[in-house]
Amino acid sequence: MSVIDIDNLNPIKWDERCTVFDVGGAFLRGLSPTEAGTRPQNSPRALEASDPPAMGASPVFAPSQAQPASTSAIMSFADAKVLSITPLSNDESRWVSLHSITYKDPKGTERTWESAQRRTRPAGADIDGVGIVAILDKPTGKEIILQKQYRPPVDKVVIEVPAGLIDAGETPEQAAVRELKEETGYVGAVSETTPIMYNDPGFCNTNLRMVHVTIDMSLPENQDLKPELEENEFIDVFTVPLASLWEECKKLEAEGYAIDARVGTFAEGILLAQRLKL
């Protein structure tokens, strides 16, 4: 295997697992998160070189059923990592706060519980945000929109559904349509909103509603996707066939990605429905 510094190379093809370059007849594939984690710090962004594919073959390595819906021109998560962790007091925090709760248990004994809360919940609102189940109805079958996003708390690239916080005066449905457009470029219509769901009630009061959105692929705006990401957002968008979502999650985890609980639970639900013939 030869190692090549690719900082000045241009990609010729994108696959949801890698970016492919042409260098003197050799085709190169980008590192997966697992591979990237093994290379020395400050080393060149390395790619593996291989023989060119057969005449007429597509120069994409390790193809899978998951296909990118939209992506940046070239973005690597390989250099994203935690540099340090320091204690943070409530006076210094912007997004979350830590609380000590005094309560009575079922036997009347007074106890305390430590809990975290978001600072961003609008006044008078009963939820923090929304998760979006966005389904594309393609001739080849239904596919779900997923995202890859680096998350510092777990120091991994996480496989997620589109999601976001609710703005003041917004309904969950309005927030879902807005966040879907901003993060993926897709324009959709709400078909279902779930009851309030709590993410980790033993740790925090953070909650959300899952909003189901259908996407009309015949609309011009869904042909020419234009995400509206903020300066500090780095998101790769891709789609996965619903029928193989569980297997795709297992493959992605094996490659070093973390699976968000909402994605994993949704995939497990589909798997159980298939096995139990519901």
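Cβ coordinates come from backbone N, Cα and C, glycine included.
Unlike curated records, TrEMBL annotations are generated automatically.
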From 31-64, 99-132, the residue range that TrEMBL assigns the feature region 'Disordered': 31-64
PLDDT averaged over the residues of the domain 'Nudix hydrolase' (125-262): 95
